[in-house]
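A.B. asks: One structure coming up, written as C-alpha cells, with questions to follow.
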Amino acid sequence: MDQNLDERALRELEQELHTEIYPGTEIMTDVGTHHFVKSSAGGHSVLVPQPSDDKHDPLNWSPRWKASAIFCATLVSFIQGMGPLALAPMFGDYIEAFHHDLADVVQFTGIAILVLGFSNFIWVPLQSCFGRRPVLILSTIICFGSSIWRAKANSYGSFMGACVLNGLGAGPAETAQPTIIADVIFLHDRGKYQTLYFAFYFGSLTVGPIISGPMAQQLGWRSFWWLNTGLLAFTTICVIFLFPETKFNRNFMPQNSTVASMPPHKSVSTEQVEEYPVQDGTHTSAVDHADPEKSAPVQPQLSTTKSGNANDLSHVHTHDDPWLGRGSPSKAQWRLWQPYDGNIFLELWMPWYISIYPIVEFAAFVVSWSASSFLTLNLTQSQAFAAPPYNFTSSKIGFFNFAILVGAIIGLLTAGPLSDFIATRLTARNKGIREPEMRLLAMIPYVILMIIGNVVVALGYEHHWDWKVIVIIGYTCAGIQVAALPSISSTYAIDSYKPVAGSIFVIVTVNKNVWGYGFSKFITPWIIKAGYIPPIMTNMALVILFCSTGIIFWYYGKTFRKWTRNSKVHTM
C-alpha cells in the first residue's frame, strides 16, 4: 500500500473492504470515510503514491518539469547505452586493426556489459544516498572520457581498457531511469514510462550499429567514437541544466490532511461549515482553498442524516493537494548532490537481500533472457550476413537494425498502454482493489511474437533464407518483444517493491549482463560447431520457461508478497 497512511488507517481499510492489504496492493477508489487525492484529469483515478502537499514534491511537479526529468533520464539511458553494443558492424575493422580473431573482438562487447552490470552495485547506493542527479552527471562524464579513449586506442589491450571504463560509467543507463520514473510518475501511468525506458534503452543498442556501420565504412571506425563523444557532452549539459533532483522524502502523512476523531453522540449542523464540491465529488470547507502557503488543515467531510445532523464518524481521512500539477523544483533540488541521507551499507546489502524474493527473480530472469534474444542478433548479424551467400558490407548490416528499432517502437506504443489498460479493467472488476499481478496477462501476445522471431532468425540463418524474411519478420519481432516483456515484468516487480526499485534493477542488470557475457563468449564457437539453430532455440526455450512461470505468480503472487510484508524494504 503506497498511499501514505498509518497502520491504523490500513487496518480500517482492510475491515471495510474485507480483504488483506499487502505491499503492492493499492486501493484505487475512495473507501468509506477515506478520501484520496485523485487525478486532475476527470477526478476519478486515485493517485498512487499519494503526493504530499509540498510544492517541491516531484509528484506535484507541473507536466513541463516532469517531462524535463523524464527527457534527461531517457537521454542518459539512450546515449550511455549506445556505445557498448555499437561494435557489431565494426568487428571486421577491429580484427584488421588489432590483429585478433572474431572471438577476441566479440569480447569487447562481452566485457563492457559484464562490468556495466556489476557497476550498479555502486551506482544504486550512491543514487539512494546522494541523489539521482549526481549519479547521472558523474556517470556521463566517465562515459565521455571512455569514448575519447576508444577513439584514440591503438592496441587491443588499450581498446579493451576503454571498454571496461565504458562499462563502469554506463551502469546508470540500466538502473537510473526506472527509479526516476517511480519518483515522478503515478502508478496508473507507470507501465507506459517503463516501456518508454526499455524501448529507448534497447533502441540505443539498435541505433548504435545503424550509425557505426556506415561511419566505419565511409570515415573509419574512429569517427563513430568521436560522434559518441559529442553526444555524451551534449547529454552532460542537458542533465546539469534540465534535470532537478527527484529523490524526495515524502511525509508518511501529508501535512494538509486530517485524521480526526469525532466524539460519540455529538451533533454538528451542516450549516456550521460552508461547503462546495471539489474534483472527486466530495465536499470541503472554504478554508481548503485558502492561500496554499498558509493553508489550514482540511475539514472532515460530514455525512448528514435527514434531521440535518452528522453521523458519528470514527476516523475521517481526507487529503487535498493544492499543488498537484502545479509544483516546481526548489533551489536545493538543483545542487550537484544532496546531503547524505540513508545508510549506504544497507543499500550495498539490499540487492543481495531482495535477490531471494520470488517476484524480483521472476523479473530478473524474464528481462535477462528476453534481452538475450536481442543480444543474439547483435552478436550474429555480422557472422551471418557478411559470409556467403549474402556477402553484405558492414554498412548494409548496420541498416538491418532499423527493423529492430521499428519493432521497439511498436512495443513502446503497445506494451505499456496494454498492461495499464488490462490492470485498470481488472481493478474495476475487483471493486477498485489493484494487485500488481494484473499486469501479467499482457505478456501473452509478446511471448508469441518472441517465439515467431526466434524461429525465423534461427532457421533463416541456418538455411540461408531471403534476408528480407529474416530481417522484416525475425528482427522486427525481436524488437517488439524486447521492449515489451522486460517492461511488463519489471513494472510488476516495482509495483510490488517500489521503495527498492533501484536495487531491483541491480539484480536485473547483473543477471542479464552475466548471462550476456557468457553468451557472447560461447556463442561464436557454438555456432561454428553446431550451427545457428541450437544456441538461438535454446535461448528461446529459456525465455518461454521463465515467462511461463508468470502463471505461478498470477495465482500465488499475493502470497509471495505476504511473506515479505514485514520486510524493511517497504520503509526505505
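Cβ atoms here come from the backbone N, Cα and C positions, even for glycine.
Below are the features listed in TrEMBL for this protein:
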type	residues	note
TRANSMEM	67-90	transmembrane segment
DOMAIN	69-572	domain 'Major facilitator superfamily (MFS) profile'
TRANSMEM	102-123	transmembrane segment
TRANSMEM	195-212	transmembrane segment
TRANSMEM	224-243	transmembrane segment
REGION	258-312	region 'Disordered'
COMPBIAS	298-312	compositional bias 'Polar residues'
TRANSMEM	356-377	transmembrane segment
TRANSMEM	397-419	transmembrane segment
TRANSMEM	440-461	transmembrane segment
TRANSMEM	467-488	transmembrane segment
TRANSMEM	500-520	transmembrane segment
TRANSMEM	532-556	transmembrane segment
A.B. asks: With the transmembrane segment (500-520) as the reference, which stretch in 195-212, 224-243, 356-377, 397-419 has the largest tally of C-beta pairs below 8 Å?
C.D. replies: 356-377
A.B. asks: Output the single range from 102-123, 440-461, 467-488 maximising the number of Cβ pairs under 8 Å to the transmembrane segment (356-377).
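C.D. replies: Ranked by Cβ pairs under 8 Å, first place goes to 467-488.
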A.B. asks: Given the cut-off of 8 Å on Cβ pairs that are 6 or more apart in sequence, determine whether the transmembrane segment (467-488) and the transmembrane segment (224-243) share at least 3 such pairs.
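C.D. replies: Counting Cβ pairs under 8 Å (6 or more apart in sequence), the transmembrane segment (467-488) does not reach the transmembrane segment (224-243), since there are fewer than 3.
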A.B. asks: What else in the chain is close to the transmembrane segment (397-419), if you only count residues 6 or more beyond its ends and a Cβ gap under 8 Å?
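C.D. replies: Result: 88-89, 191-196, 198-200, 202-203, 206-207, 209-214, 374, 377, 381-382, 385-386, 439, 442, 446, 467, 471-472, 475-484, 487-488, 491.
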A.B. asks: Against which stretches of its own chain does the transmembrane segment (532-556) lie, if we need a Cβ under 8 Å and a gap of at least six residues from its ends?
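C.D. replies: That would be 358-359, 362, 365-366, 369-370, 372-373, 376, 380, 384, 437, 440-441, 443, 447, 450-451, 454-455, 457-459, 461-462, 485, 489, 492, 519, 523, 526.
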